[in-house]
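Have a look at the structure below, then the notes.
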Amino acid sequence: MERNSGPEAGPEAELEEGEPEVKKRKLMCVEFASVASCDAAVAQCYLAENDWEMERALNSYFEPAVEESASESRPESLSEPGSCVDLTKEETNDSISSKTSTSEDKSVQQEDGSVFSFITWNIDGLDMNNLLERARGVCSYLTLYSPDVIFLQEVIPPYYAYLKKKASSYKIITGREEGYFTAIMLKKSRVKFKSQEIIPFPNTQMMRNLLCVHVSVSGNELCLMTSHLESTRGHAKERMNQFKMVLEKMQEAPGSATVIFAGDTNLRDQEVTKCGGLPNNILDVWEFLGKPKHCQYTWDTQMNSNLGIAANCKLRFDRIFFRAAAEGGHIIPQSLDLLGLEKLDCGRFPSDHWGLLCTLDVIL
């Protein structure tokens, strides 16, 4: 998303620490956390989403993980208060149920190791409006497609706490702990975690960095990377410098590893050209797959009304870069699709960005 800077504190950062309202809300967070047996970040998320009405927020917390209004066709199933819900087993709403059979087919393929899938998505955690419903919307897609890896950008602490509760089947690695940050989620049953590394961007003005995670999948060594490169047209120079650092780190990864970068690059095509394009051994997955029109634009203010921008902007901010292992092409990109194209009950989309679902064949 095009932002000039990120908050150094939570959604109430505009209030001074000494104001009575701030103290009152802090006490409410403590009370909520005590009743719900959750941490303060989760308490703040639920209270803020429910206009700081304690009873309403608690009711929201203890309701089914998927809203009843969006799942009338299935039997009601309440989870125990404070219990951890496995994201991969959580039922989803009717608005995307038509895709379930496809998801089931993919799950079977994933079990035999022949397919590797991931999602990359800027989830716009900095937009506090309808945050909880939008988080549920994102999670419904994660549940439906059950990807092996998830790359996220613009995560905030309450959203991270929500994901930890809902996605117990994933290991979550974050790029930082405060403000807003990136995250990589690894399906524990499929992806073996080895190590992680955070590479700072020395001249960023927006708390940006490069998150790298080394893993293995079906005997294949992978280096996974994500970032949220500097935003807005006015910061193009810094963004291009960060992009060059990403390419350098992809080149430096061990030759035995397949390298995948997926994230919100904020790049314009002419900026890639100014940087000299991509190295010969690194490809842009969208271009490699023939530049499919249906998933070209991931930030589209004509189709996506979340920001309320009058101008029609269509940009391919979210990109996937791929470097095959030197020993041979054991993992090959196969398809790319957009996610999050349907409005939620609140009348908004899960994010101002569309998500990207990428599937790759694994040659066993």
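Using N, Cα and C of the backbone, Cβ positions are placed for all residues, glycine too.
Per Swiss-Prot, N-acetylmethionine is recorded for M1. The compositional bias 'Low complexity' feature in Swiss-Prot is assigned to 1-10. The region 'Disordered' feature in Swiss-Prot is assigned to 1-21, 68-108. For K23, the entry in Swiss-Prot reads SUMO2 cross-link, with the evidence type similarity to another entry. Swiss-Prot lists T88, T92 with the feature phosphothreonine. Annotation source Swiss-Prot lists phosphoserine at S95. Sequence annotations record features per position, and here Swiss-Prot assigns region 'Interaction with 5' end of substrate DNA' to 122-126, 228-233. The Mg(2+) binding site annotation in Swiss-Prot covers D124, E154 and rests on similarity to another entry. The site 'Interaction with 5' end of substrate DNA' annotation in Swiss-Prot covers Y180, W299, F317, H353. Positions annotated as active site, proton donor/acceptor by Swiss-Prot, on the basis of similarity to another entry: D264.
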- Candidates Y180, D264, F317, H353 (recorded positions) - the one closest to D124 (Mg(2+) binding site) by CA: H353
- Which state, by DSSP, holds K23 (SUMO2 cross-link): helix, strand or coil? helix
- If you run the three-state DSSP split on D124 (Mg(2+) binding site), which class comes out? coil
- Task: Count the Cβ atoms, other than its own, that fall within 10 Å of the Cβ of H353 (site 'Interaction with 5' end of substrate DNA'), considering every protein chain shown.
- Result: 26
- Message: Restricting to the region 'Interaction with 5' end of substrate DNA' (228-233), what is the model's mean pLDDT?
- Response: 95
- Nearest to K23 (SUMO2 cross-link) in three-dimensional space, by Cα, is which of the recorded positions E154, Y180, W299, H353? Y180
- Note on the structure: For the region 'Interaction with 5' end of substrate DNA' (228-233), the DSSP helix/strand/coil residue counts are 1 helix, 1 strand, 4 coil
- Nearest to D264 (active site, proton donor/acceptor) by C-alpha distance, among the recorded positions E154, Y180, W299, F317, H353, is F317
- Item | For the residue listed as 'active site, proton donor/acceptor', the number of other Cβ atoms found within 10 Å of its own Cβ | 28
- Message: I'd like to know which of the recorded positions E154, W299, F317, H353 sit within 10 A of Y180 (site 'Interaction with 5' end of substrate DNA') at the Cα level.
- Response: E154
- Write down the Cα-Cα distance for F317 (site 'Interaction with 5' end of substrate DNA') and H353 (site 'Interaction with 5' end of substrate DNA'), rounded and given in Å. 9
